[in-house]
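Novice: One structure coming up, written as structure tokens, with questions to follow.
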Amino acid sequence: MDRAPTLEILAREPEGFSIWNGPPFNNGQPKVKLERVSCTAANYCGSGSRLMVMESSSSICVYDCNTSTKIKSFDIPAVSASTLSPCGTFIQTFQKSTTPQEKNVVLWLIENGAAVYQHFQKNMTKTTWPAIQFSSDESIACRMVTNEIQFLDGKDFTKGIIYRLRVPGVMAIELSKTPGSHIAAFVAESKGVPASVQIFSCKQDAQAQPIARRSFFRCSSIQLHWNHGSTGLLAVAQSDVDKTNQSYYGESKLNYLTTDGSHEGLVPLSMFSFLFCCHRFPSFFFMYEVRIIDLWSICQGRRVPFMMFNGHPRVWNLPLSMDLFLPEQQYLTTNAVHCLSWVQALTIQSDGIRKGNVSLSGKLSFICLAGFGNLPGDMAFWDYSEKRLIGTTKAECSVSSEWSPDGLYFMTATTAPRLQIDNGIKIFHYNGSLYFKKMFNKLYQADWKPEAPEKFGDIMDLVKSVSIIKIDETKTQANTSQAAAKVSMNTSQAATKVSTNIMQKPVAYRPPHAKNAAAVKAELFGGISSSEEINKNAMRNKKRREKQREKKAAEASAAASDDN
């Protein structure tokens, strides 16, 4: 087996980004692989082979991730959006255009910097970007136009449009990635006709009729998610208004369709539940989080299609329910949706942890249940194979979280602009123990470099190697500490006594505008300062207590004289 790739971490600050070698670290600190580079944005391609860097609004650079060197620069004025293709072969850019004659969506070949394809697009939204979608191997490409889906040869764009698929009223599409064999199309509700999600084959000969179709009313937005293998599709339909008046946050419906036509149905949710999908757009929804995690891309044919959280938006302080759906056991077609036994154990035993996020490691070995966003940040780590809890911890104020590609480390980050203070990175072991922590004045982004999980060895071998490294580091630290203790034992004892005596309670946080408020008020209105006012109150209370003591003493002496 080839040597496993080295883990890498990208950290972007206001001054630019830098790349570190990932864990395990020597001496507990990461080694900087690429020194800080000025930029406004940085993103990896899907395979992790190349890195796109926005140096300014008119300059884009592409780096080779193996050598960390700049391989190509593009000077494109007024770029509004840009993205890399899955393998890093092409870069796609969008510019605002005033006339249809100006082709503002351009596909550039990174190797020579040539524009291989371009077309006009009036505007850009999350639904319509990227305008050109690729399969994971870049063999198939497609784009959506009015009432039509156009297919292109991902290896040779000089052929132009090779065939067209007519879908009247199409508003959003999603091409399956691995492999690129099917495409899902969403048609919005119009003139009393319900909205629908349809699945078509990407083969030209089999595109006459949809393979699967699901219709529904009350849909304001849609999110489409393919599994690994392109055999099933999750469609999350959301409406801004709940006509049943059961939820202020709108209404959600989860639909499940298969490419073989065996299932085209609605996934039943609990009553008063709201569903929020975070696979593509991670976010936080007030004090309530409901997430769907697409596990198909990791499971690769195993019997675990997807997990989800659901519950009531207003009962945010109670644990949400997590369901593991198995369509081959027909759980999707019944109202009594059950979970596997170990998932039930998760729900029962971790009721003390308010959770709204679930993350599965790339090797399908460990699961992290967490409550981020407006929740306290509790995390519970579970062993997937043994179905047992292996550790709990907390990562407060975490904005993003992600497993390392080898499945041994879990990284959380507190980033701006979501939070402007306490920005930093925390890396935990698979069992929840803290491995590394670094704070920043301001941090915008923290990402693992993408790598295929198959490039790493068996998870148990990796766990053993990490344990050996930890034992060696512990022995080295113990020997060093013993030597230092023999040299300066008296000094350390004295320092320990001093440190125990100087322990103080943490000071409460005060916002900057309130620190000098009392002094400013006294200066403006001629009053006394807060410190002087406190001293006067203390003296007044002291005199009052002394008078009370004298009065009690006089009463006691008078009572004694009367008895005599």
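Positions of Cβ are set from backbone N, Cα and C atoms, glycine also.
Below, the features straight out of TrEMBL:
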COMPBIAS  555-564  compositional bias 'Low complexity'
DOMAIN    214-270  domain 'Translation initiation factor beta propellor-like'
DOMAIN    360-446  domain 'Translation initiation factor beta propellor-like'
REGION    535-564  region 'Disordered'
Novice: Could you tell me the mean pLDDT over the domain 'Translation initiation factor beta propellor-like' (214-270), as a whole number?
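Specialist: A mean pLDDT of 82 is what the model gives the domain 'Translation initiation factor beta propellor-like' (214-270).
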Novice: Determine how many residues of the region 'Disordered' (535-564) DSSP places in helix, in strand and in coil.
Specialist: 29 helix, 0 strand, 1 coil
Novice: Please spell out the DSSP helix, strand and coil residue counts for the domain 'Translation initiation factor beta propellor-like' (360-446).
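Specialist: Counting residues by DSSP class gives 0 helix, 43 strand, 44 coil.
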Novice: Mind checking how the domain 'Translation initiation factor beta propellor-like' (214-270) divides into helix, strand and coil residues in DSSP?
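Specialist: Helix, strand, coil within the domain 'Translation initiation factor beta propellor-like' (214-270): 0 helix, 29 strand, 28 coil.
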